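Below is one structure, written out as structure tokens; the observations come after it.
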Amino acid sequence: MTALLEVEDLRVAYGKIEAVKGISFSVEAGQVVTLIGTNGAGKTTTLRTLSGLLKPASGKVVFDGKPLSGVPAHKIVALGLAHSPEGRHIFPRLTIAENLQLGAFLRKDKAGIERDIQRAYDLFPILGERRKQAAGTLSGGEQQMLAMGRALMSQPKLLMLDEPSMGLSPIMMQKIMATILELKSQGTTILLVEQNAQAALSLADQGHVMEVGNIVLSGSGQDLLHDESVRKAYLGED
Amino acid sequence: MNTLPQQLANGLFLGSMYGLIAIGYTMVYGIVQLINFAHGEIFMTGGFGALTVYLLLPDGISMWVALPAMLIGGALVAVLIAVGAERFAYRPLRGAPRLAPLITAIGLSLALQQAVFNWYHVDGDAKTARVFPQLPFGPLHIGSVTVQSGDIFLIIAAPLCMAILALFVRLSRTGRAMQATAQDPDTAQLMGIDTNRIIVVAFAIGGFFAAVAGVSYGLKYGSVSYDMGFIAGLKAFTAAVLGGIGNIYGAMLGGLVLGIAEAMATAYIANIPGMQQLGGGGWASVWAFVLLILVLLFRPQGLLGERVADRA
């Protein structure tokens, strides 16, 4: 069986500076895979390359059997790869409902879109209560919910979440992680980028540790969670 | 003649024309953060496109038949030039330092001026202004206000175009995509929006509005000239900044405020003791740009401008 997403020797550079230096990993359908690592490890660069916002210097990405090289970002979404970007990037001057509708920009099934918007409100009731409000007025955690809900609106085969817990209060962070767990139990395939290694590894099937553009360690979420070097470097134990 | 209602009306007509042109500046800026300084020339080519269509039509044709054809011709020329400029002059420079597309815009503006100048120069007619056909009815008198036929066209066309644009941006799928692209272009792509297409649409709408303004100018002043886009373009740019650049309602409002301020200043400043020399039409542009400087000093985001903070 071939994986849903296969990344082979991917290299990405900003000018002369190589941010991703030849990484390979794959994501099987139904799995939650996480990339962890510190700031500047190349995690966000990897996701932005997968969704087509950045062009790789070399390497191969195959998604759902199709090579992604040269495919523009707006066509990659159509293939079923959704990306909830770092820093949330909701559309601040549009309402919550309009943000969600934009997530379904490429869909034509009006009834299905309405149903999925309702599902987003069920998943995050606060969004339903504030549906007519400009998204820029939401708190950080609420914006994160909106960004996730919006990414789900495209009915993705693979959902990429970049730092969903960034800048959130511990309570809000728990809520977001619980939602990811819920999505996982519903069978959503997720590629999760996190600095919060503890939270990410405890719900991931597979984990990869990135350091300055390379994957330095891979394993199951549980294995990495108990790996001594990971505990020292990322979980704050000595 | 010089009554207050008349001056207000004059300002309103002039301002409507500024507003139509300002739409093109503000839409393009809102989406690609580019000041298209060739936009004044796109307005000019719209006027000349319409004139060319008129000259191709049989002599003595009724303006009621000719005007729709002229509008279509002018719009076609202006939209093609606007979209062509985006495709061949600005798109290759996307991601380049901001100065590069700015210089390109100035170059394009000169090229268009000279092209039209030469094109309309050849038939032995060395005059720079070309006579533009007029609507076949005299001025209307509403109370103490006299409305010229060209102004009647403006006062119908400008609000109509604005209303259609507002509905388009709010309600259509492409309009929603334009709003998303203006607020966050990268994320818009993640939604599946082809932002290149949206940029083309913004240039095309700007070109269309400029053409309507170009025809209005011809009807209003009775002539068009190759250099009419320079001052009109600067004024419209001022209007766009005044209203809050990036905001389509701001562009129209800014146009009206600027037009009315210009008319008022022209008519009344000379009445202020000691300022007799500063009134009259020759000073109109001075007061328009004084207004721009004041706005930039005290309300740099413009009348309806959004604060920059929520772009983060």
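Any Cβ shown, glycine's included, is placed from N, Cα and C.
Taken from TrEMBL, the feature transmembrane segment applies to B:12-32 (among others). Nonlocal intrachain contacts for the transmembrane segment (B:12-32), taken as residues 6+ away from its ends with a CB within less than 8 angstroms of a stretch CB, comprise 39-40, 42-43, 82, 90, 94, 147, 151, 154-155, 157-159, 161-162, 165, 178, 181-182, 185, 198-199, 202-203, 205-207, 209-210, 212-213, 216-217, 220, 232-233, 235-240, 243, 245-248, 250-260, 262-263.
Taken from TrEMBL, the feature transmembrane segment applies to B:63-84 (among others). With a cut-off of 8 Å between Cβ atoms, the residues of this chain six or more beyond the transmembrane segment (B:63-84) that come close are 24, 39, 42-43, 45-54, 57, 112, 133-136, 153, 200, 203-204, 206-208, 210-212, 214-215.
Through the fold, the transmembrane segment (B:96-117) approaches residues 33-38, 40-42, 44-45, 48, 81, 85, 89-90, 128, 226-227, 229-230, 233 of its own chain, all at least 6 residues removed from its boundaries and within a Cβ separation under 8 Å. Annotation source TrEMBL lists transmembrane segment at B:96-117 (among others).
According to TrEMBL, the feature transmembrane segment maps to B:152-169 (among others).
Look at TrEMBL and you will find B:198-218 (among others) tagged as transmembrane segment. Away from its own ends, the transmembrane segment (B:198-218) comes close to residues 16-17, 20-21, 23-25, 27-28, 30-32, 36, 39, 42-51, 67, 70-71, 74-75, 77-83, 85-87, 91, 132-133, 150, 153-154, 157-158, 161, 165, 174, 177-178, 181, 188, 224, 228, 232, 236 of its chain (Cβ-Cβ under 8 Å, at least six residues beyond either end).
Residues or ranges marked as transmembrane segment in TrEMBL: B:281-298 (among others). Residues 231, 234-235, 238, 241-242, 257-258, 261-262, 265-266, 269 of the same chain sit 6 or more residues outside the transmembrane segment (B:281-298) yet have a Cβ under 8 Å from a Cβ within it.
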